[in-house]
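Peer 1: One structure, as structure tokens, below. Some questions next.
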Amino acid sequence: MDFDEILHHVGDSGRFQICMIILLNILSLVLSPHDVLENFTAAIPAHHCSINLDNSRSEVSTDMNLTTEDLMKVSIPMGPNQKPEQCRRFRYTQWQFLDSNISTFNSTELETEPCLDGWTYDHSVFTSTIVTEWDLVCDFQSFKYYAQATSLAGHLVSCPLSGIISDRFGRKPLLMYCSLAYGAVGTYCAFAPNFSVYCVLRFLLSAFQSTILINSLILVLEEASVQWHPTIIVLSGLFNSIGQGVLGGLAYVISDWHLLQLAYALPFFIFFVLFCWVPESVRWLIITGKTDQAWKELQRIASINGKKGIAQNLTTEDLRSKLKKDVNSTGKLFRIKDIFINPLIRKIVLSNSSLLFAELFSFVGLLLDVQLLGKNMFLTQIFLGAIDVPSKSLTYFTIRNVSRRPLIAFLLLTTGSCITITIFISEEMYVLRTIIFILGKGCFAAFTCISTTYINELSPVELRSTLNGVFLAVVRLAGVLSALTLATRKYFVYLPMILYGVLPIVATISILFLPETFNLPHTDIIKDMEKRKRLMSKNISKKEGQDFLETTEC
């Protein structure tokens with residue numbers, strides 16, 4: 001009796017699995033906004049230098065009734081866009097600007113200075129953000145993007161570590177303690193005393209977020225029937241997108257960054273309690289030899305699924321038999337360096353990494369700063385989340401009917417073109433800019449689904465998890481560098497957009513070095529990949545080709 005048969009006896013698609021899927025989707029809904037939360041908690045409102053009139057330097061007494069508009073006129077110079085300068089003020093108060101008899105002044109020749117007394121912020125949209133709290137504007141504006149890069153670096157560190165810890169100690173303990181830690185650290189983050197502490201806490205939160213998302217998905221998949229796996233993955237992806245859309249509406253209601261951070265941190269104390277109830281992965285328990293505990297967990301699952309009587313007939317000997325079978329079927333373990341020894345694998349890793357890096361680099365940066373996309377950032381965030389639903393749904397059908405290489409090339413070219421076109425559209429035409437960005441976001445969402453499928457089709461079973469780890473590291477690195485690229489706006493305002501637009505277009509060349517996998521059998525070992533390559537180039541005998549098709553899975 002193998003594990004799938006054992007799981008079928010206690011129920012592999014019953015009430016327990018439904019509860020687990022619901023829990024996973026709620027987790028996805030709450031966790032998915034983590035990386036884009038700083039679109040709102042770190043939003044940059046309109047601002048100008050604080051006005052501090054110094055009578056000792058003034059030529060006119062200030063004992064008069066002056067409106068805010070008058071004070072701005074005599075204290076803040078106008079910028080090239082005929083709006084008040086955000087980072088400079090007049091060195092001396094220019095009282096002559098109040099004289100209605102004088103029509104024009106050339107304010108560009110007047111002496112200015114930085115904002116020595118701080119800034120005044122427009123609180124009409126956001127009552128508080130980390131930008132207003134720690135004055136992350138002007139010369140310090142790049143600190144916002146450094147904070148985002150630091151946060152994304154938490155994912156880069158946690159992905160390999162969480163996998164090792166999870167395989168060593170189990171899924172459940174990691175989910176329990178990371179949920180508790182996310183709630184505690186997230187709550188403290190909402191009241192961080194300074195910017196440095198805030199960055200460290202966001203780094204930790206990202207590490208916990210990745211760990212929870214990855215291990216919760218693994219736990220649910222390991223406890224469910226294989227036929228449920230596509231549905232589970234698609235639902236998780238859709239709730240990810242819905243969660244990002246919900247963030248736009250929630251941020252509109254909660255305009256204080258402290259409260260918004262708390263709103264996403266406090267639910268994890270509830271998740272901690274729920275994970276205390278969730279059984280450990282039976283599959284992991286069997287593989288690690290904990291058959292007695294696995295038997296107890298199977299009894300719980302059977303009871304929830306209404307099959308308690310059937311489960312009573314299951315003995316620990318059945319589980320030990322399954323364990324023995326798994327141990328005997330274990331083959332050679334591959335190391336990371338083995339990927340780069342084989343030229344075929346090496347070419348796949350390098351080419352596919354360039355595609356993933358380009359696409360993720362181009363759009364992650366934009367998702368981290370939706371203020372670039374249009375005037376109403378709340379609606380933009382909602383639309384960016386909503387567009388994923390039809391996009392990912394449509395992708396399900398294109399995967400079944402369209403070749404991989406031309407589809408991926410089309411998505412890369414469209415994404416890069418959408419970003420590049422917006423450079424030439426003025427900010428006043430924000431509706432058109434938003435529509436084009438949403439089209440690009442739809443292509444990005446489709447790319448994430450199709451690339452996941454393509455990676456699994458390219459990778460042999462014996463190397464699949466290792467290659468996925470390599471590609472995941474590339475994706476996280478792209479996110480970190482994408483956030484840092486936003487800081488280059490202070491040198492040339494269009495530089496991030498140029499890089500985001502050009503890179504996917506250039507990276508399309510890499511698709512030429514990858515094989516087509518549509519309607520071809522999946523491979524189990526590297527030798528199967530080499531046979532598949534020869535089959536496509538017709539450099540293989542008829543008998544070898546027939547053997548290959550018979551011995552590989554479709």
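A Cβ is built for glycine as well, from the same backbone N, Cα and C atoms used for every other residue.
Sharing the record's features from Swiss-Prot:
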- N39: N-linked glycosylation site (CARBOHYD)
- N194: N-linked glycosylation site (CARBOHYD)
- 1-15: topological domain 'Cytoplasmic' (TOPO_DOM)
- 37-144: topological domain 'Extracellular' (TOPO_DOM)
- 194-199: topological domain 'Extracellular' (TOPO_DOM)
- 221-231: topological domain 'Cytoplasmic' (TOPO_DOM)
- 253-258: topological domain 'Extracellular' (TOPO_DOM)
- 280-347: topological domain 'Cytoplasmic' (TOPO_DOM)
- 369-376: topological domain 'Extracellular' (TOPO_DOM)
- 398-405: topological domain 'Cytoplasmic' (TOPO_DOM)
- 427-434: topological domain 'Extracellular' (TOPO_DOM)
- 456-466: topological domain 'Cytoplasmic' (TOPO_DOM)
- 488-491: topological domain 'Extracellular' (TOPO_DOM)
- 513-554: topological domain 'Cytoplasmic' (TOPO_DOM)
- 16-36: transmembrane segment (TRANSMEM)
- 145-165: transmembrane segment (TRANSMEM)
- 173-193: transmembrane segment (TRANSMEM)
- 200-220: transmembrane segment (TRANSMEM)
- 232-252: transmembrane segment (TRANSMEM)
- 259-279: transmembrane segment (TRANSMEM)
- 348-368: transmembrane segment (TRANSMEM)
- 377-397: transmembrane segment (TRANSMEM)
- 406-426: transmembrane segment (TRANSMEM)
- 435-455: transmembrane segment (TRANSMEM)
- 467-487: transmembrane segment (TRANSMEM)
- 492-512: transmembrane segment (TRANSMEM)
Peer 1: Can you tell me how far the Cα of N194 (N-linked glycosylation site) sits from the Cα of N39 (N-linked glycosylation site), in Å?
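Peer 2: Pair distance, Cα basis, whole Å: 19 Å.
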Peer 1: Counting only pairs 6 or more apart in sequence, are there at least 3 Cβ pairs under 8 Å between the transmembrane segment (492-512) and the transmembrane segment (348-368)?
Peer 2: yes
Peer 1: Would you mind ranking the glycosylation sites N39, N194 by how many other Cβ atoms sit within 10 Å of each Cβ and giving me the lowest?
Peer 2: N194
Peer 1: Can you tell me which of 173-193, 232-252, 377-397 gets the most C-beta pairs within less than 8 Å of the transmembrane segment (16-36)?
Peer 2: 232-252
Peer 1: Cβ under 8 Å to the transmembrane segment (259-279), counting only same-chain residues 6 or more beyond its ends: which ones?
Peer 2: 20, 23, 27, 30, 33-34, 37, 40-41, 172, 175-176, 179-180, 182-183, 185-187, 189-190, 212, 219, 223, 250-251, 297, 300-301
Peer 1: Any contact between the transmembrane segment (435-455) and the transmembrane segment (377-397)? By contact I mean 3+ C-beta pairs closer than 8 Å, pairs at least 6 apart along the chain.
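Peer 2: Yes, since the transmembrane segment (435-455) and the transmembrane segment (377-397) share at least 3 Cβ pairs closer than 8 Å, they count as touching.
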Peer 1: Translate the DSSP assignment of N39 (N-linked glycosylation site) into the three-state scheme.
Peer 2: helix
Peer 1: Residues of the same chain, at least six outside the topological domain 'Cytoplasmic' (398-405), with any C-beta under 8 angstroms of its C-beta?
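Peer 2: Residues 446, 449-450, 453-454, 457, 511, 514, 516-518 contact the topological domain 'Cytoplasmic' (398-405) from elsewhere in the chain.
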Peer 1: Can you check what DSSP calls N194 (N-linked glycosylation site), collapsed to helix, strand or coil?
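Peer 2: Once the DSSP labels are grouped into three classes, N194 (N-linked glycosylation site) ends up as coil.
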Peer 1: Quick one: average pLDDT across the topological domain 'Extracellular' (194-199), no decimals.
Peer 2: 93
Peer 1: Below 8 angstroms Cβ to Cβ, which residues of this chain, lying six or more residues outside the topological domain 'Cytoplasmic' (221-231), approach it?
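Peer 2: That would be 4, 7-8, 12-13, 16-17, 20-21, 171, 279, 281-284, 301.
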